[in-house]
Structure formats: structure tokens, C-alpha cells
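Reading through the C-alpha cells given below for one structure.
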Amino acid sequence: MDNIQAVSALWTCASATCLSLDAKRHSLELSSADGQASPDVSNKSAPVDAHARKLRHIAHTPRGSCFMALLLLLLLALNFRHAHSCGPGRGLGRRRERNLYPLVLKQTVPNLSEYHNGASGPLEGVIQRDSPKFKNLVLNYNRDILFRDEEGTGADRVMSKRCREKLNMLAYSVMNEWPGVRLLVTESWDEDHQHGQESLHYEGRAVTIATSDRDQSKYGMLARLAVEAGFDWVSYVSRRHIYCSVKSDSSPSISHVHGCFTPESTALLESGAEKALGELAIGDRVLSMDTKGQPVYSEVILFMDRNLEQVQNFVQLHTDGGAVLTVTPAHLIAVWQPERQTLEFVFADRVEELSQVLVRDATGELRPQRVLRVDSVQSRGVVAPLTREGTIVVNSVAASCYAVISSQSLAHWGLAPMRLLSTLQSWMPAKGQLRSAQDKSTPKDATAQQQNGLHWYANALYKVKDYVLPQSWRHD
């Protein structure tokens, strides 16, 4: 408890300091941007090259030999099938071989009462437009979802945050499973009391869904995809629609949203070799990105989360250059804003098609590439390495090491104590701590000695964020 209280105090101080520093930095950046803006915006002949010149991304190491390039291609080919065969998403290459069995009529998953704690949990009370809890509901404007909205009030777009998250994941799965077909929401939040006396529709925690083509032969698989998307209770209640519900956003059984990559994703070591994130060790120096957007190599100082058995939903970003990044929805991704000529960090589930992410190309530079497709997949294992820079290039795509909160700089300041601790530890002999593979005294299977689960400091930050950060700064 003393450790948690100390961490809470450190976090509160860091938050207050960072808010002040961010405000000053933001004003300076705006002044600098105004002073450097070009009055001529008519030239649009070579946007990609212009972006590259402005980013000034210069690789610090030369590209490997032809033999190494062929070897890396071989390794990627061997891992390709495994990396893209998980979850309901279609992905690239061959279709997944994982068997998903449709639900049968009247089947529910889990096979419990909807109000059981192991399902969606107990009722919390009807929410009206004038209820204090109404402000906690959100609107869903996902363009990949059709909302019937018979009432014409927009009520079918109103739902809880957890319901919106699961519905958006399901929408991607539906499009991947049946190209040209979209998810149809026939009922969400109900303010007209058209359901039974006890219904989660009144709390915005339930939806009835179908497919846009109204093909009833698809509904059994639609129910299965809803289960895979993470709904807490799914019922193939009728031949005309599927019913889904979720736990309350305030439910203590809902774990904090974390930000991680899949263990099969790779990072580039300073030696020029690729290494799977599941095999990374503390002390490894991996390709990252500095505050100016330039590639640098940075040391892995800890793992904020590492669990090779946990099954998790991921967002998968596909670029026009062939790069594929698989990451949890709350993770921050570096997105280039060509209109403002700035680099911003955006939650992965809010990266849209045609957005531009930074990708390491054949020359070793980080250049903008357009996102062609956003999928949702489910995969086993989560890994979240933290580097000193607070960024990491995974599968050639630049990403943050942080998640959950929208400010990269604030998150980086929040982990300052861990960077200081790592520096102090580097001055002392390692005592049973996993070090880099460069340390010849480290056994080859030392990665197995790493933590299994959430790092205690990261867990403390997740617990206090709801008390010290405004809601608008947090991932919904």
C-alpha cells in the first residue's frame, strides 16, 4: 500500500508538471508553425516527397546485405500464416483456418442468466434523457454500421461506451466475413419503454442486430462473431435478429484497457536483425522514433504488460506499402497530418482509412503511408515493451509505447520514475533481472523468466488515471 501511495503522489505531481509543460510547449509549437508556414499551398505535385523532406527521417544504420534481406523475407514468409490466421478478421493472404461455429437458434453465450455476474451483470436502473447517468452514454457514428432509427430521434445510436467498443469491433468482423455486407442495428437505447420491464436496452447496454442484406442464414455466424467481438452476453433469440448486451461501464469486473502488441510482431534490433516482441529482453536496443520524428535506437527498460496466453481483441492496420500493424484499440499510433504538417498520436481504433502512418521503407527512412484497411482480429498473447524514447517501430510502423491516455508527452512523463530507476539499476550489477541477449552470461531461454502480467507501476497508473485525468483525455 505504501508503494501505491508513493506512486500515486509521483503521478499526481508529474501530471501537474506535464500539464504546465505541455501548455508551454504547445504554444511554442504553434508560434513556430506560424512562423515557418509557407504562403504557397498551391503546389501539390509531390506530397510524399515533401512530407519526407519535412520529417527529415535519416536512418542511423545502413541497410543489411542482400543475404540478410533474403533471410528476413524468408522469416516473414514463415511467420505470415501464423500472424494472420487468428480471429474473425479476413486479413491478408490465405483465409484463417480457425473454425468458428455458428450459434443455433435460442442458444446463448455464456449459458447463464443475462443478469448473472458472469454475463452482463445486474440491472442498474432506467436511464432517461434527463437522468444524471445520460451524460455517460455516447453516440456511435461508425460509418460501417447501419442504424435503423425508426423513431427518428437518433436513439439507436445512443449506447454505453463498452457497447460502442464491442459494436465497432463486430462491424469490422462483419465486413471481413461477408464483403459488401454491413452490420445493422435495429434497436439500442430505448427511451420509449417498448421492451420488457427489465431490459438492458433502457440503460444503453443492449443492442439487437442483423445484417444489412437481411440474410437469415448468416445470423448464426453473426451471433458467433458477436461473441468473438467481446459482447458479455449474446443470444440467438429470434430468426429475425440477434440480441447482445454488455456489462456496465462502472462494473468492477471490467479490467482496465491496456495497450499491447502481439508476440509475433517484430522489432528491429540495433544489430540489424528482426526479433519477435515475445522474445525481446530488457536491455535490447530496438528501432524507435525521437520527438522530431527521426528513427533512433532505444533501450527496452521494462515490459508494462506481458502475457503470452491472454486472448485479446486487436485492431489491424494495413498500409498501401504492405505494412501490417496489429495492436490493441487503446494503443497510441503516430499519425502524420499532411494539412497541418504535424505528427500526432491517435488511439488505434480511431485511425481511419486514408490516414497516414509512418512506416520504415527500403531506404531506412520513416515515410508516411496511407492506411488502406482497418480490420479487427482476435489473437493470443500481449506484449508491451517500454523504451527510453517511449516509442517503438513494430512491423516497420512507428507507434507509441503508451496507451489509454491521449497525450504522448504526459504518458512519457508519467513513466519518468521508471526511466530513472532503470538508469540507477544500470549503474549496479544486475541481480537476477533479465538483461539483453548481448550479455553472454544470460541463458538463451531467459525470456521465459520475464514477468507474466501487468507491471506493478503500470497497474498503479491505470488505477489512478480515473481520478487525476479528465475523461476527455482517456480512451473510451
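From the backbone N, Cα and C atoms, a Cβ is placed for every residue, glycine too.
Taken straight from TrEMBL:
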BINDING   GLU150, GLU151, ASP156, THR186, GLU187  Ca(2+) 1 binding site
BINDING   GLU151, GLU187, ASP190, ASP192  Ca(2+) 2 binding site
BINDING   HIS201  Zn(2+) binding site
DOMAIN    258-361  domain 'Hint'
SITE      ASP305  site 'Involved in cholesterol transfer'
DOMAIN    363-407  domain 'Hint'
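Candidates ASP190, ASP192, ASP305 (recorded positions) were compared with ASP156 (Ca(2+) 1 binding site); those inside 10 Å Cα-Cα are ASP190. Within the same chain, the residues at least 6 positions away from GLU187 (Ca(2+) 1 binding site) whose Cβ sits under 8 Å from its Cβ are ARG148, ASP156, HIS201, VAL207, THR208, listed in sequence order. Excluding GLU150, GLU151, ASP156, THR186, GLU187 themselves, the residues of that chain whose CB lies within 8 A of the CB mean position for the Ca(2+) 1 site are, in sequence, PHE147, ARG148, ASP149, ALA155, VAL185, SER188.
Local packing around the recorded positions GLU150, ASP305 was summarised as the count of other Cβ atoms within 10 Å of each Cβ; on this measure the leading residue is ASP305. Listed in chain order, the residues near the Ca(2+) 2 site other than GLU151, GLU187, ASP190, ASP192 are GLU150, ALA155, ASP156, SER188, TRP189, GLU191, GLN194, HIS201, each with its Cβ within 8 Å of the site Cβ centroid. It is 9 Å from the Cα atom of GLU151 (Ca(2+) 1 binding site) to that of ASP192 (Ca(2+) 2 binding site). For the pair ASP305 (site 'Involved in cholesterol transfer') and THR186 (Ca(2+) 1 binding site), the Cα-Cα distance reads 38 Å.
The distance from the Cα of ASP190 (Ca(2+) 2 binding site) to the Cα of GLU150 (Ca(2+) 1 binding site) comes to 11 Å. Averaged across the domain 'Hint' (363-407), pLDDT for the predicted model comes to 92.
Counting in whole angstrom, THR186 (Ca(2+) 1 binding site) lies 15 from ASP192 (Ca(2+) 2 binding site) by their C-alpha atoms.
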